[in-house]
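Novice: One structure follows; several queries about it will come next.
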Amino acid sequence: MFIEERIITLFKRNFHHTCTYWSVFFSFGLCIAFLGPTILDLRCQTQSTLSQITWVFFSQQFCLLIGSSIGGVFKKTLFSALAALFLSSLLISIIFAIIPLCHNVLLLAIAMAVSGLAMGIIDTIANIQLVAIYQKDSAVFLQALHFFIGFGALVSPLIADPFLSETGCRVGNVTENVTEIMHHFRNTLRNSPIVMHNVSVDHLPLAEEPEESIVSYAFWIMAMINLPVPMAVLFLMYQEQLIPCCRSTTPHLLDKDELAMENQGAEGPDTEPKDQEEGGGHGDIFSCCQNNNLRELPVSFFGIHIVGGMVLFMTDGIVGAYAGFVYTYAVSPPISLPNKTAGYLVSIFWAAITAGRLVSIPLTFRFQPVRLLMINLAGVIVTVLLLLVLDTSSIFLFVGTTLLGLFLSSIFPCMLAYTEDILDYQGCATSVLVTSAGMGEMVMQVLVGSIIQSEGSYSFLLCGMIIGCMGSVFFLGLLFLHRMHRKYLTGTSVKSAMVEELPAAAAAVVDSKTEQKESS
């Protein structure tokens, strides 16, 4: 069969858990890409400058990074993990419902920061739980998980578009040619909440009576779409009998496939595998640093975490920077596309990422994650190089955007599966990689945006080329560290076998001497 029977049985056994985590990530992708298109309407709502409103979105991304860093704290039991997912997803709906009521930029910044913290916790917990469930078979399920992020990010602009203002805020004595400027910045910021430099619109006086905005309906629809997610998590907790007031005394019966795979004995839902209780497993970064067994681990163990994180720091940095600034590059010389035409590039990029993650699901059954990573990283470098060479071709800009999205799409789930497999699911790779990816996306957006402003639009692709090459170099370092760590594990297993054989050999010597004495 194309899919092993064992994997199908494992999926059937964890169907409810898996679908719940997938739905949470669809909501996560919906929230990530929903805020960008509404930035100018929120500027009018809060009567703030564009620089101030972009710092609001920066606060959301920064808290998302913090949430990703501390999310592993809640993995200690299934109850704490699901409770954190329930509260975080419910909090996102509440925040989106009250955003239209935030008429002060500080209140809006606080709301965005809280939602970012909740999203970060969701990001880490969902990845950790899927890896813990499927372990060596987790690659294909992680591909599907991150497909739902791309799908949500693709759908969200379609929800927001009917409610966006076409004219923005009315300004005193300025004619309606400001509309074109506002449309330019809306498309620029559609997927890039961090653009903070020399925006001439900042210096235009805001209207005393701004045009009435209907963007509030978009946020309320977003809150309603997200609301079934915490309900699904709560239903999973009810089925697992984790809600104190709804626990049943009747044990849950397993079917024959589940019984065949049952390897946890009489452990309850709140217990963890033994390796996690003893200091291993997937924890948050801070608990990993406090692990008492760190001194006994080899250098390769730490190197795999660091270098693997740097690979995703670079590649996710490309995703954030390209989605954020490809519009700015397209409307600038030498390509100079019309604004409306250039606006399709971001949607094409996210559509390619979504399609790439969908295609990667069957590929994961046939190829190891390390092979897919080699192909993807090489494809990223070749695509950006061709974009640099054919910098005047508007047609290849669309083709290159599609190819770049396809090659970047599966790097994160493949890296997660590959590093966890190297460490035999005993390290903290999930928390480290999720945090590194979020940090790279945030930092590279700011860095590339600053370079584009100072050096010109051509530096956009040059930055992508440099970042892609650095990511490939770090990946080669990861392959070298994998080889070192494999030698360490082989040597350790040999020593353990020798230690186990010594008592048996000593007992055999004692028995032979006893027999000799008895015979004499």
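Please read every residue number as a count from 1 along the shown chain.
The backbone N, Cα and C atoms fix where each Cβ goes, and this holds for glycine too.
These came from TrEMBL, pasted as-is:
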COMPBIAS  271-281  compositional bias 'Basic and acidic residues'
REGION    263-282  region 'Disordered'
TRANSMEM  21-40  transmembrane segment
TRANSMEM  52-74  transmembrane segment
TRANSMEM  81-99  transmembrane segment
TRANSMEM  105-128  transmembrane segment
TRANSMEM  140-160  transmembrane segment
TRANSMEM  214-238  transmembrane segment
TRANSMEM  301-330  transmembrane segment
TRANSMEM  342-360  transmembrane segment
TRANSMEM  372-390  transmembrane segment
TRANSMEM  396-418  transmembrane segment
TRANSMEM  430-452  transmembrane segment
TRANSMEM  458-481  transmembrane segment
Novice: Is the transmembrane segment (396-418) close to the transmembrane segment (458-481), in the sense of at least 3 CB pairs under 8 angstroms with a sequence gap of 6 or more?
Specialist: no
Novice: Report the listed stretch (52-74, 140-160, 214-238) having the maximum count of Cβ pairs within less than 8 Å of the transmembrane segment (396-418).
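Specialist: Highest pair count goes to 140-160.
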Novice: With pairs fewer than 6 apart in sequence excluded, do the transmembrane segment (214-238) and the transmembrane segment (81-99) have three or more C-beta pairs that lie under 8 Å?
Specialist: yes
